[in-house]
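Trainee: Pasting in a structure now, in structure tokens, and then I'll have a few things to ask.
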Amino acid sequence: MGESKTTTGEGFGFYKEYVAGMMAGLATVAVGHPFDTVKVKLQKHNTDVQGLRYKNGLHCASRILQTEGVKGLYRGATSSFMGMAFESSLMFGIYSQAKLFLRGTLPDDGPRPEIIVPSAMFGGAIISFVLCPTELVKCRMQIQGTDSLVPNFRRYNSPLDCAVQTVKNDGVTGIFRGGSATLLRECTGNAVFFTVYEYLRYHIHSRLEDSKLKDGYLVDMGIGVLTGGLGGIACWSAVLPFDVAKTIIQTSSEKATERNPFKVLSSIHKRAGLKGCYAGLGPTIVRAFPANAAAIVAWEFSMKMLGIKRD
């Protein structure tokens with residue numbers, strides 16, 4: 001058994017992979033958004049010289065719950081659901097189609113990095129253009145709240161208000177602030193994620209080949225949880241600094257703010273050291289496993305329900 005591959009029928013079959021990807025995105029936000037809110041607040045306030053410093057992710061989460069309730073943890077979720085549904089649909093669909101194209105007539109004798117990596121990076125590059133504006137809105141909504149340092153006159157009433165005000169103040173290019181950091185994060189992150197996922201999935205299924213546990217929804221779900229979760233941890237461990245830079249760039253209200261992610265990280269390192277470049281590591285890693293596990297389980301289950309055969 002080689003790397004995971006999909007086989008669809010004629011007609012609507014081509015689009016089924018994109019539908020399955022959309023379901024993966026919805027599952028990701030439902031499970032992971034509260035952790036993401038904590039991560040963004042830590043990245044915004046714990047890297048600012050004059051920022052409110054939270055002791056850790058748990059302290060940040062407790063402050064949000066005390067001042068805003070559970071609703072505060074899902075601040076900005078509307079744009080996340082919309083963005084992630086579309087983004088995941090594109091990511092999983094493009095990744096699957098790119099693999100089919102690059103594999104061609106090559107023998108299916110195991111995962112091939114020369115197929116997985118470019119397929120994942122290509123998908124990551126495409127979705128970065130979708131993610132950049134939606135994540136800018138999400139991040140700006142997330143840093144607001146009772147416990148925020150954002151002045152009241154700079155706050156937004158809704159995701160739509162945030163998008164409109166951003167375009168009004170900064171022009172159309174303003175909504176794509178942080179595009180370079182998003183591109184770096186998505187290309188690198190997806191290459192790491194799918195490489196770990198494919199190799200783990202291949203080796204686990206290889207060991208179960210002659211086992212009675214080979215088939216079954218619970219077995220497939222368990223493998224999906226493990227491979228997706230570990231892939232998510234590997235991905236975010238590799239790209240968190242790019243994500244920190246993206247958050248700083250996107251949440252700044254100043255037009256003249258530095259937008260080169262490497263220069264932003266250099267500045268953060270001077271102020272807060274390596275720890276500053278990994279601000280939000282705790283909630284990010286805690287979120288990475290369940291959120292990405294949910295994405296893979298939802299993706300694989302949806303494909304099975306849609307009649308997409310996977311080897």
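In case you wondered, yes, glycine gets a Cβ from its N, Cα and C as well.
If you look up Swiss-Prot, you'll see 12-101 marked as repeat 'Solcar 1'. What Swiss-Prot lists as transmembrane segment is 18-38, 76-96, 113-133, 178-197, 222-242, 288-308. Here Swiss-Prot flags 111-203 as repeat 'Solcar 2'. The annotation repeat 'Solcar 3' is assigned in Swiss-Prot to 219-305.
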Trainee: Determine the mean pLDDT over the repeat 'Solcar 1' (12-101), rounding to the nearest whole number.
Mentor: 83
Trainee: Given the transmembrane segment (222-242), which of the listed stretches 18-38, 76-96, 113-133, 178-197, 288-308 has the most Cβ pairs that are under 8 Å apart from it?
Mentor: 288-308
Trainee: Mind tallying the repeat 'Solcar 3' (219-305) by DSSP state, helix then strand then coil?
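Mentor: Per DSSP, the residues of the repeat 'Solcar 3' (219-305) fall into 75 helix, 0 strand, 12 coil.
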